[in-house]
Every structure is written in structure tokens, then in C-alpha cells.
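Participant: Here you go, one structure.
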Amino acid sequence: MLGNIFENWPTWLSRWFGYRSPDATPPSRTNYVVWIWSFIGAFGGLSVLQAVFTNAEYFLQRKVPPIIASYGASAVLVYGAIESPLAQPRALLGGHFIASLIGVSITKLFSLLHNEQRFDELRWLAGSLSTATAIVVMQITETTHPPAGASALLAAVSPEITDLGWYYLPVILLSSALVLAVALIVDNIQRRYPLFWFVPTPPPKEHIAPGLETPLGEESVIIAQMDKDVQTTLPLHRPHLPHLHPSHIQQSVIEKAQDI
């Protein structure tokens, strides 16, 4: 869907959103190129997150942690395994948000106990339930992003995150957006990211020339059936009609098929 939008953009701009012409040949690259850009991407992305949350007074007043730990795992996918479906924007943005929403919601329900000691005793249950529920919902919505499981877990078991309450959600959204922004820059210098934004692009249909609609794999089956029919209808020995012998007819059929 978004690919149709980007194809009308200038090439110098659309490439930073992961768009490549269908006719473009992917360049070959050595492993060390992938390693170098994975390192630069992870270092840059996590540094940006910590720079924003440790220097902005707005976040300091609300006691937002320097970084949500689950984004360390996201860096492995978004900057390292960039071709994985689990690393694409749909999974990154949707997975973290859905998981954090579920984590906060379930933790809020447990906090209704109005007994802080009892709540602390049941944090393990809230965390387990949050993560398990998040996994299923991500599977249903096709936004599976493994690091997002930690986002759901942290909402329940980390007092620092629990204290944020619903404010945890915009922090997650901003963190995901910053990680994605860095990925769009670093991952598109010598690689390509994302492969798709929300829906995978279907592979191009193979062009079949007119008259060749029959799959090549069925050719041998057709020839075998013709050979069987010939052997059934013609005697095996006709010295005066050698050109009608099954072997001669089979050879003729094969030559005709090859000519096609």
C-alpha cells in the first residue's frame, strides 16, 4: 500500500523509506558491511533514546527512565536482522504499543487490591499474565515483536515503570518512533529497510508466453501418457511400418515439445 505512494517520490527520497524499484538488482555485500552498519545502528539508536530521556526536562520531571530495557532487544532486530518480518515497522510500532497497553491495563487491575504488600506479592502473576496475553494479541494482530514481551513484563514487575501508569504508553510510542527514525537512515545507506511497512508486498507474477500455459513439470507426465496410449493402440512389432513404432513416436513427441 505504502509502496505505491513511495514509487511516485523522487528516488533520493523514497530510498530512505525502504522503497526500491522492482527492476533494481539488490547489490551484493560482504558480511563485514552488515556487521559495521548493525553496530552503528544499534549504537546510534540507543544513544538517541538515552539522550532524549536523560536531557529533556519534561521527561525528568515525570521520572521517566533513561531507556526502556526492551529496546535493547529491539535493536538486535531493527539494526541487525533487518530482513526479518519481526523487525518491520508494523511489528516494532504495533508490538510495543499493544504489549505496553496490555501490561499497564492488567497491572492497573491488580493495583485495585489497595494493599501495596499484597500487590508486590502478586507482581509475578501480573507480569506473567501480561506477557502471555500480549503474545496472543500480537499473534492475532500480526504484530509479533519478541522484545515487546519485555515491554508488557516491565509494566508489571518494574516499580519504576509501574509508577508511570498510563504515561508509559506515550513513552513507548516515542521510543519506537526514535528507533525507527534511526533505522530508516542507517539501514538504508548500504542495505534496505523496511522490506514492507504494514503488509508484505506480494511477489511479481511470472509471465507465461501464450501457448505455454501448461507447467513444464507436467510435460513429462503428458509424454508418458501419450506413450502409454501409443503402446496400447499400436502393435509393438511392425517391421514394415518402422515409423509407427512407439519408440519412434515418443522421440518425435519429445522433439516437438522441445521445439515449443
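Each Cβ is built from the backbone N, Cα and C atoms, and glycine gets one as well.
Found this in TrEMBL, in case it helps:
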- 28-194: domain 'HPP transmembrane region' (DOMAIN)
- 32-52: transmembrane segment (TRANSMEM)
- 64-82: transmembrane segment (TRANSMEM)
- 94-112: transmembrane segment (TRANSMEM)
- 124-141: transmembrane segment (TRANSMEM)
- 166-186: transmembrane segment (TRANSMEM)
Participant: Could you give the residue numbers and ranges of same-chain residues that sit at least 6 residues beyond the transmembrane segment (94-112) on either side and whose C-beta is under 8 angstroms from one of its C-beta atoms?
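Facilitator: The answer is 70, 74, 119, 122-123, 125-126, 129-131, 133-134, 137-138, 141, 143-145, 147-149, 151-156, 162, 165-166, 168-169, 172-173, 175-176.
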Participant: Are there residues at least 6 beyond the ends of the transmembrane segment (32-52) whose Cβ is under 8 Å from a Cβ of it, and what are they?
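Facilitator: Contacts with the transmembrane segment (32-52): 59, 66-68, 71-72, 75-76, 78-80, 174-175, 178-179, 181-183, 186-187, 189-191.
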Participant: State the residues, same chain only, that lie 6 or more residues beyond the ends of the transmembrane segment (124-141) and have a CB under 8 A from a CB inside it; answer 'none' if no residue qualifies.
Facilitator: 91, 94-95, 98-99, 102-103, 106-107, 110, 148-149, 151-153, 155-157
